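Trainee: The structure follows.
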Amino acid sequence: MKKKIKYNRILLKISGEFLSSKKTFNINTIFITKLIKQIKLLTNLGVQIGLVIGGGNLFRGSDLEKIGMRRSISDKIGMLSTVMNGLLLHEFMQTANIKSKIFSSTLLEGICERYHIDKAIKCLEKKSVAIFCFGLGIPFFTTDSAACIYGTEIKANILLKATKVDGVYSSDPILNKSAILYKNLSYKDILRKELKVMDYTSLILAYENKLPILVFNMYDPEILYKIIIEKSNIGTLIK
């Protein structure tokens, strides 16, 4: 029997830290291979995927600022890191025979195609994965903010925010074993409880554009499939 698909178009946000490893040139090929396998399964089911990848495994603008760099420059270095990660995933997808196209918010001729909403939509409709790089192209905005903007522009059914824990907790579950996992939250709940999900700019962007967010544990090798076929009790849904 054909599985019922809950989300036909998604925006997947993955932290660059997932790509990092102490082995194999600092690239976590095991994680990437599993991710590509999940993406291929979803595209075969007809799911349209937009992907925003962070750059924290290489450079993080806020960290570079701590060593004396101007934030306007350090953020650009961080944004360039997302381009490198995007190219990495793009190449892995090509090897796996997954159609994909990499877009940049700024002109990077010969490396990425300049982002335009119509081109991105056309890419998705052709069953290609659209990889969005270089954030929003301006400093002081995170890749979470970029994910919310791109998710809104491509009219994604949901923003899937991959994390290393099972969802949103009352406090850090790694430090506090008694932390409570929330299954459903409103955007206002996040702000009122001061929960650490994403920066508030990103959260407000999602709230104003009515973009639901699902926070989940990316280390489950079948998690994207479970989310897409509407398996219950996964992660924390924010709307």
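Yeah, the Cβs are placed from backbone N, Cα and C, and that goes for glycine too.
On a predicted model such as this, the values are computed, not experimentally measured, just so you know.
Got these off Swiss-Prot a minute ago, pasting:
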type: BINDING; residues: Lys13, Ile14, Ser15, Gly16, Gly56, Arg60, Thr163, Tyr169, Asp172; note: ATP binding site
type: BINDING; residues: Gly55, Asp75, Leu136, Gly137, Ile138, Pro139, Phe140, Phe141, Thr142, Thr143; note: UMP binding site
Trainee: Using C-alpha atoms only, work out the spacing between Thr142 (UMP binding site) and Gly56 (ATP binding site) and round it to an integer in Å.
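Mentor: Given the Cα positions, Thr142 (UMP binding site) is 11 Å from Gly56 (ATP binding site).
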Trainee: Need one number for the UMP-binding residues Gly55, Asp75, Leu136, Gly137, Ile138, Pro139, Phe140, Phe141, Thr142, Thr143: the maximum pairwise CA distance in Å, whole number please.
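Mentor: Those residues reach a largest Cα separation of 15 Å.
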Trainee: Quick one: of the binding-site residues Gly55, Ile138, Phe140, which has its CA closest to the CA of Thr163 (ATP binding site)?
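Mentor: In terms of Cα distance, Thr163 (ATP binding site) lies closest to Gly55.
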Trainee: Can you tell me the CA-to-CA distance separating Lys13 (ATP binding site) and Phe140 (UMP binding site), as a whole number of Å?
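Mentor: The Cα atom of Lys13 (ATP binding site) is 18 Å away from the Cα atom of Phe140 (UMP binding site).
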Trainee: May I ask which of the binding-site residues Ser15, Gly56, Asp172 is closest to Phe140 (UMP binding site) if we compare their C-alpha atoms?
Mentor: Gly56
Trainee: Starting from the Cβ centroid of Gly55, Asp75, Leu136, Gly137, Ile138, Pro139, Phe140, Phe141, Thr142, Thr143, the recorded UMP site, name every other residue in that chain with its Cβ within 8 Å, sequence order please.
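Mentor: Close Cβ neighbours, site residues excluded: Gly61, Gly78, Met79, Gly135, Ser145, Ala146.
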